[in-house]
Every structure is written in C-alpha cells, then in structure tokens.
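Annotation comment: Swiss-Prot describes 1-39 as transit peptide, evidence class sequence analysis. Sequence annotations record features per position, and here Swiss-Prot assigns domain 'Era-type G' to 128-298. Look at Swiss-Prot and you will find 136-143 tagged as region 'G1', backed by sequence analysis. Annotation source Swiss-Prot lists GTP binding site at 136-143, 183-187, 248-251, citing similarity to another entry. Annotation source Swiss-Prot lists region 'G2' at 162-166. If you look up Swiss-Prot, you'll see 183-186 marked as region 'G3', on the strength of sequence analysis. Here Swiss-Prot flags 248-251 as region 'G4', drawing on sequence analysis. Among the features that Swiss-Prot reports, domain 'KH type-2' is placed at 329-406, with the record citing sequence analysis.
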Amino acid sequence: MAVSPHISPTLSRYKFFSTSVVENPNFSPYRIYSRRRVTKSHLQAHNSTTSYGRTELSSSKKLWIRQRSFSEMEVEQAQLEDDEEQVEIDIVDEASLLSLSMKPDRNMALLDDYEMEELGHTPNTHHRSGYVAVVGMPNVGKSTLSNQMIGQKISIVTDKPQTTRHRILGICSSPEYQMILYDTPGVIEKKMHRLDTMMMKNVRDAAINADCVVILVDACKTPTNIEEVLKEGLGDLEKKPPMLLVMNKKDLIKPGEIAKKLEWYEKFTDVDEVIPVSAKYGHGIEDVKEWILSKLPFGPPYYPKDIVSEHPERFFVSEIVREKIFMQYRNEVPYACQVNVLSYKTRPAAKDFIQVEVVVDKNSQKIILIGKEGKALKTLATAARLDIEDFLQKKVFLEVEVKVKENWRQDEGLLKYYGYGGQIRAM
C-alpha cells in the first residue's frame, strides 16, 4: 500500500491517502444510477385505506441499472495510476436525488405498467408491498435486524449507541412481496444538540410513512414501558399503524426468562404482537417477516426487485468511513464527527478517486483523529478503504482529511446541508 501523509505547520489541514497496488479484476458488472422522472397520468392509488391521509404525487424516483463490461485491456489499464483523465461519476447530481422533506418516499408513485414490462415484472393481484418503520431506543439492534431482513449490510453496525443518524431505506423483495424498511436513529429522551432533534424528526417521518411499525427492545434488560419510544417515534398520529414488538438478543438469556418477559410485554404494552428474536444470528427473522407481510397492503412493487436501497453510492461510502470512526475511537469523538464525500471520480485508466472530509467540533478532536505522526488517521483510512472496495467491488484511491467547524451539531443550516433536515444528499 502506498501512503502519502501530509500535515501543515498550523494543523489546519491534514490529508491521508490510502490506495492498494494490485487491482481486482472482479468488477461488479452493474452500477446503480439515481434518476428522478415524471410519470404519466396513469398513477395508481395504492390501497388508500392504509395510507393514513397521504396522497400520491405525480413524480417518482427510479433506480436505473446500467450494465458495464470491462475488457481485459481495461482491467490492465485500471492498474495504472494515471491521474490525467478524470470523469465525474454521474450519480453526484444532487438534483437527481429525491427530497425526503418535500416528497416522502411513501408518496412516490408506483412503477407503471411500462416500467414493469421493462423489468420483466408480471402483474400479480396477490402481491403485497409497503413501508415498515423500525424504531427503538439506542443500541437495541435495529440496524442488525434490518440488515438480516434485507439479506445484506445496508446500515452500519457498531457496539456504540446512536450509530444510525439518518433513516436508512432498505428493500427486501421476493416474487410475492416487497418490504421497504426504514432503519431509524435510536430514540433520544434527552436531546443535547440540534442534531438530536433533527434525528428524532427522521424517526417520526418514518412512522408517518409506514404501513406498520416494528418496535425493538433489548431482551436482556428489565421490561419497561415503551411509551417514550411511541411518543418520540410515532408522535401524535391520529391513527396508529399496526405495531409489532420485537424482543431482540434472546440468545443472551435463558428460555424461561424469555417467556416471562414476553408475557409482561403482551400484558403491559399496546402492541399487536410480541416476537423474540436474535437479530445477530437470524433467529426469529422469518416470524417477523411473516407478521409484517400480513399487514402490508396488496399492490405492485415500488422498486425493481433487484434493488436493495435507493441511496447513492456516495452516501454508503460516507457511512462506511463513519462506521470505522465509531469502531476506532472512543468517548465523544465519534459523535462529534460528520463525514462528507467531497469528490467521487471514475478514472478509466486508474483507480476511482474518492475524497472524504471528516468534520469535527473542536481542534482537540481533530488532533485525536489524526494521532501521533498521522498514525491514527492512517489506520482509519486503510480500514475504510478496504470496506469501500468490498462494497463497490473495485479498487479505489481514498483521500481523507479532517476539518474543524465549531458547533456544527447546533448549526441548523449546516445540518440541513448535511442531510439531517429530511433530505438524503450525496454527501
């Protein structure tokens, strides 16, 4: 691995470059591109009896899948570190992203008949599709459950609470159904920053959009009332959607204890059903899917069946870097970090170039991130690059730099720019 760290005398800017020497020829043949298109006048109403007052809009976001082939010559050329020719990847157009604050996902028009024919989808009157909000206190396993249900890692997972900041949309599809999951931030009782307030708005927006709600609790802890979760997570909905309470981490307690806690939740909580699971090992996941499926309305899919998320690649790149920060650093530092992808360029004759900035509150946090002689940042960049390459299925050149923006977690303008006002941007 070639490493080229540089630090200025004033510590105002620090960069770390991480790249690998040998290219992997096993490129993924598909790239996902985000496009927003206006549909024709054939919008279909999607079971209006379960939409809780929502209206369908005449525009939708479609994920176009473009097949790319790589010849042996292109693979050989990709091994060269040629920085001269740089082509902007075409998912960075922020205008092509769906504004969640102005146009909730649940209001998107269904795929029309023409699109279904394009995707090889045969209309099925028994097909179910709908939205599911996954809510709960911090560190109860919401992201792990969502990843298990989708079948691959969409949300980052660490052992620290409040890792998830956005509502992450993941799609679980089969020929008979399509479940669209919202993995949400953990419910915060005492909000310390403006960021916390905006994160709770993401939770409520997910619940408003949902056909049903899955509430997670930690089975290892003493059963408590879930009113705080319902208050913050659902707000004052006039009509509550169907609710499932999931007791996660059942693998860590004895069967007899599980039965007692299950009985308590059934007696003292206002939910439709209680199911114990182990999200880590996948135990009970099929029971959760079966319950959700029984609550989803009949209708065609919202997305192509081979799509697992609508978020752009840049968003997942930023999340991977943030996950590594949570795993490597302790105390307040991970929570003070915001990760933005400044540049993502495809280079036909070289590795793709990704430039990332990590924003922190204070200069002291910046010094911790960088570490002595840049060693900590080097470790971070290397770990992030390896996971990014695994996610993209290609080799990349990753540049990481650290910047200070004081009190960014209290700056509403910056928070909205970073996507916390409800709009997932390209980061």
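Positions of Cβ are set from backbone N, Cα and C atoms, glycine also.
Everything Swiss-Prot records as a feature, shown here on the structure.
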{"residue": "G136", "record": "GTP binding site", "DSSP class": "strand"}
{"residue": "K142", "record": "GTP binding site", "DSSP class": "helix"}
{"residue": "T184", "record": "GTP binding site", "DSSP class": "coil"}
{"residue": "K250", "record": "GTP binding site", "DSSP class": "helix"}
Protein Cβ atoms within 10 Å of T184 (GTP binding site), excluding its own: 29
Sequence-distant neighbours of K142 (GTP binding site) in its chain (C-beta under 8 A, six or more apart): V134, V135, G136, S155, T164, D183, T184, G186, L216
Set of same-chain residues at least 6 away whose C-beta sits under 8 angstroms from K250 (GTP binding site): A219, I258, P276, V277, S278, H283, G284
Residues satisfying Cβ distance under 8 Å from V187 (GTP binding site), sequence separation of at least 6: V135, G136, M137, P138, M200, V203, E228, V229, E232, G233
